[in-house]
Amino acid sequence: MKSLVKAKKEPGIWMQDIPVPEYGVNDVLIKIKRTAICGTDIHIYSWDEWAQATIPVPMTVGHEFYGEIVEVGKEVQGLKVGQRVSGEGHITCGFCRNCRAGKRHLCRNTLGVGVNRPGCFAEYLALPATNVIALPDNITEEQAAILDPFGNAAHCALAFDVVGEDVLITGAGPIGIMAAAIVRHIGARHVVITDVNDHRLELARQMGVSRAVNVKYQKLIDVANELGMLEGFDVGLEMSGNPMALNDMMKAMNHGGHVALLGIPPQETPIDWNQVIFKGLVIKGIYGREMFETWYKMIAMLQSGLNISPVITHNFPVDEYQHAFQIMASGQSGKVILNW
């Protein structure tokens with residue numbers, strides 16, 4: 001089968017012909033129809049320090065997908081051939097304390113599809129049935145291909161009560177933009193998103209934010225004043241991993257505010273702890289998606305009218321994957337889809 005493989009310990013990804021994966025009694029085999037390129041895939045392509053320490057070579061990469069079931073293991077129940085599916089990309093152990101307590105997103109032994117085990121940038125993917133998400137007919141193929149990052153956005157956006165609250169989002173990448181759409185959909189008052197990339201700020205405007213702010217040219221305090229905000233932001237969603245953005249968020253928060261951290265800053269990032277302590281801020285780290293409550297909520301939001309399609313800006317046949325990766329890495333795109 002056709003597959004995109006991290007075949008060498010150097011920058012690049014290569015298209016290769018490899019065998020169709022075997023599947024076990026508790027697995028399903030999925031015919032891949034569409035995949036989406038993630039920032040993680042860009043790290044793997046560029047072969048940065050994180051990728052060198054993490055990715056086995058050779059290995060098929062990719063973890064965001066839509067497909068149809070073509071084979072079902074003999075012990076699998078509740079799934080059948082022909083079903084439209086996506087899937088949870090974190091494979092958990094099932095035996096650690098958090099897994100046994102129903103908090104599988106906190107499994108200490110998680111393996112990532114396309115990171116620690118073969119991924120979905122291929123014509124077929126074998127996946128444990130427990131990780132497969134059957135989809136209703138009114139979820140489009142393009143939406144289904146980006147449910148994984150949409151789930152990151154939903155997990156972060158739903159971490160705290162945002163109904164009637166003023167929300168600050170730092171980082172207008174695809175996940176930050178989708179988080180903005182979510183909090184607006186569920187009833188936030190003012191939604192402000194910041195970045196230094198005008199292209200992505202314009203995408204955020206299309207998703208209905210109150211203000212999309214290029215912090216190179218405008219100060220948050222001025223935006224808050226324009227919106228009539230007197231006491232700072234109630235909820236912060238940090239998506240950028242940028243140390244300056246993180247500290248700007250802390251300064252902009254109201255006393256008693258809540259901050260969810262999804263972006264990954266450098267390890268030695270300093271924080272002004274006076275902002276945290278004297279304001280009584282609550283900070284929560286966000287990783288992946290809650291299994292599987294986040295999945296139920298994000299599908300329900302799509303069915304109830306939330307439109308995330310504007311964040312999808314490019315579609316390419318898989319044979320043009322090199323150009324697709326260049327577009328994604330340029331920062332001049334939203335989500336980029338590969339059609340199989």
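Glycine is treated like the rest: Cβ placed from N, Cα and C.
As annotated by Swiss-Prot, Zn(2+) 1 binding site applies to Cys38, His63, Glu64, with the evidence given as sequence analysis. What Swiss-Prot records for Thr40, His43 is active site, charge relay system, and it gives sequence analysis as the kind of evidence. Annotation comment: Swiss-Prot describes Cys93, Cys96, Cys99, Cys107 as Zn(2+) 2 binding site. If you look up Swiss-Prot, you'll see Ile175, Asp195, Arg200, Leu262, Gly263, Ile264, Ile286, Tyr287 marked as NAD(+) binding site.
Everything Swiss-Prot records as a feature, shown here on the structure.
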residue	record	DSSP class
Cys38	Zn(2+) 1 binding site	coil
His43	active site, charge relay system	helix
Cys93	Zn(2+) 2 binding site	coil
Arg200	NAD(+) binding site	helix
Gly263	NAD(+) binding site	coil
Ile286	NAD(+) binding site	coil
Quick check: with Cys93, Cys96, Cys99, Cys107 left out, which same-chain residues have Cβ atoms within 8 Å of the centroid of the Zn(2+) 2 site Cβ atoms?
Thr92, Gly94, Phe95, Arg97, Asn98, Arg100, Arg104, Arg108, Asn109, Thr110
All chains considered, the count of other Cβ atoms within 10 Å of the Cβ of Ile286 (NAD(+) binding site) is 21
Which chain-mates of Ile264 (NAD(+) binding site) that are at least 6 residues away have a CB under 8 A from its CB, listed by sequence?
Gly241
The correct three-state DSSP answer for Glu64 (Zn(2+) 1 binding site) is strand
Hey, what's the Cβ neighbour count for Leu262 (NAD(+) binding site) at 10 Å?
25
Please report the distance from the Cα of Cys93 (Zn(2+) 2 binding site) to the Cα of Tyr287 (NAD(+) binding site), rounded to the nearest angstrom.
16
Other CB atoms, at most 10 A from the CB of His63 (Zn(2+) 1 binding site)
24
Taking the centroid of the Cβ atoms of Cys38, His63, Glu64 as the Zn(2+) 1 site, which other residues of that chain lie with their Cβ within 8 Å of it, listed in sequence order?
Thr35, Ala36, Ile37, Thr40, Asp41, Gly62, Phe65, Gly89, Gly114, Gly119, Cys120, Asp148, Pro149
Considering only the binding-site residues Cys96, Cys107, Asp195, Gly263, Ile286, which residue has the minimal Cα-Cα separation from Cys38 (Zn(2+) 1 binding site)?
Gly263
Please tell me which one of the recorded positions listed here (His43, His63, Ile175, Tyr287) sits closest to Cys107 (Zn(2+) 2 binding site), measuring Cα to Cα?
Tyr287
Of all the binding-site residues given, namely Ile175, Asp195, Gly263, Ile286, Tyr287, which is spatially nearest to Cys96 (Zn(2+) 2 binding site) at the Cα level?
Tyr287
For Glu64 (Zn(2+) 1 binding site), write down the residues of its own chain that are at least 6 apart in sequence and whose Cβ falls under 8 Å from its Cβ; none is a fine answer.
Thr35, Ala36, Ile37, Cys38, Gly89, Cys120, Ala145, Ile146, Leu147, Asp148, Pro149
Pick out which of the binding-site residues Cys93, Asp195, Arg200, Gly263 has the most other Cβ atoms within 10 Å of its own Cβ.
Asp195
DSSP-derived structure type at Cys107 (Zn(2+) 2 binding site), helix or strand or else coil
coil
CB contacts under 8 angstroms to His43 (active site, charge relay system), restricted to the same chain and 6+ apart in sequence, sorted by sequence, are Trp50, Ala51
